[in-house]
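*Asks:* Have a look at the structure that comes next, please.
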């Protein structure tokens, strides 16, 4: 029985396979794509991804049903929360200018299986999102013609009463997706040009809405006679924030396009900042004019802006609003179809997904196979499936990606730069060899029995600290942490921080409702998990981090990513249990794909070193001497078969 159980070394090797990180090329600007996108192109792509039908529908829905005129405050808070996630994407996009967005960022810092699962969820998110927007586009156009398209389809094709299927096949939604797929396949420049046209029309309509809205504004609509500015109180504002947060989903298209940017180190952070700022301003200002034009409690949630102009005697303005809404939805469609094939390409290029999707057309320089296949799948979803039950699934995939990108920022910031002190690991060199240290001085590398035993007689007050090492000011108080490899303590602290955040948010969300905890235990658990979160944060902060002036870096690390993590986890736990059930099923399918294909075809397999006789080494800097106690713990050296016995010399060294 025991011989069938896996050995500990096999389990260790298996876990290492799951958590191996991607090796980046020396020249990260080299690509098979066409680097043709400017900062303006990326900014308009980001605006197109964020300012969609939500501007025309979401503002009215949240104002009437959730927050009242205080929807303005909800959008301000949601914009700030989105900024935390956006800054994480900006740093990664500038530092790793490769396509793949959250998938790529997780792969280079956290590990392979986590990256695959993030990419797998983002894949479904974009497919459902694009199909849902196409159906909304079709329904909006159909409503302008008094639902003649729907009635014609039901009469001549038929209606369905099948669970998970739409009531009727939406040929118009499928057709618009196929047309958009054709344009996207022509190349990044054509896609960008088309996005410019629709974005310009959409922003022109928004400008018209703002000018006319402020002209028709009536401050009395915020008065106490109409219910006041915040009729639902603080709880309504925060509930509105949770809903408004999803309006800003879409800026990750900029990170996904970084491999096609001319100067990604500068263009990606600027485009994310500009697009998020403009989108936040648009949502806030439209909310202001909408709630000032008519009383908030009389708004029509389905067509708030058009109805507001109609009731103020400007029915013709409804046609402009409709044109703006359709153009805005077109930009969201283009954003989804632009990003999805590039993320699939990144996964296929790394060997984690089917290799056929890594093919790039030699003339258009886009992953045309991925564009066509996933465009057809998106059109099929829009044609026959009922997407209303699946739309909430979009939230969990986005929030999970945001969480892992924020955690990846912390992990990567506290890792050593590539090429610093030689990393511990297997080596086949039995003799000491000179190397150049981080400060240019010569250091000697020795083989030993442990890859984490650095036998160095150091003057710690004068040593130049590397990222991931304990700060000198904290060493007298946390001296026991000095023996760990740089970055190890930070990684453990990040895991502890995330576990504490999950427990803390679970108590906040379920403590009084589902768990029915007594007041004393509710308070005690909140205090304990809050302390765990804060102590993990302080432990991370007590270590040195990388400082770079060459690319953008998010400020206040680890505080900013930690706030993003806890906010994303809180919002995920607010989703319905059915969403989590569907998420679990999709994850299981993803694990089948990974263990059936990805783990065997991963390109990192080719880079894994072969097993060597020497399993560890230690480093001695110039002028350093081995501590005397080393000889007491050095193991006896066994000569290899057929080789002269040099164990005495090795041990003495």
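In case you wondered, yes, glycine gets a Cβ from its N, Cα and C as well.
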*Asks:* Pick from 434-453, 454-473, 554-573: which stretch is listed in TrEMBL under transmembrane segment?
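*Replies:* When 434-453, 454-473, 554-573 are checked in TrEMBL, transmembrane segment belongs to 554-573.
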*Asks:* Tell me which range among 489-510, 621-642 TrEMBL lists as transmembrane segment.
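*Replies:* The listed stretch tagged transmembrane segment in TrEMBL is 489-510.
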*Asks:* Quick one: find which recorded stretch in 70-90, 229-251, 366-385, 522-542 has the most Cβ pairs under 8 Å with the transmembrane segment (391-412).
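*Replies:* Ranked by Cβ pairs under 8 Å, first place goes to 70-90.
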*Asks:* Under 8 Å, at least three CB pairs between the transmembrane segment (366-385) and the transmembrane segment (314-338) (pairs 6 or more apart)?
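*Replies:* Between the transmembrane segment (314-338) and the transmembrane segment (366-385), which are separate recorded stretches, there is contact, as judged by 3 or more close Cβ pairs.
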*Asks:* On the 0 to 100 pLDDT scale, where does the domain 'Cationic amino acid transporter C-terminal' (552-602) sit on average?
*Replies:* 91
*Asks:* For the transmembrane segment (70-90), what are the same-chain contacts with Cβ under 8 Å, counting residues 6+ beyond its ends?
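*Replies:* Counting only partners 6 or more residues beyond its ends, the transmembrane segment (70-90) has Cβ contacts under 8 Å with 59, 62-63, 101-102, 105, 229-232, 236-238, 240-241, 243-245, 247-248, 251-252, 254-255, 268-269, 272-273, 276, 279-280, 283-284, 287-288, 291, 402, 405-406, 408-409, 552, 554-555, 560-561, 563-564, 567-568.
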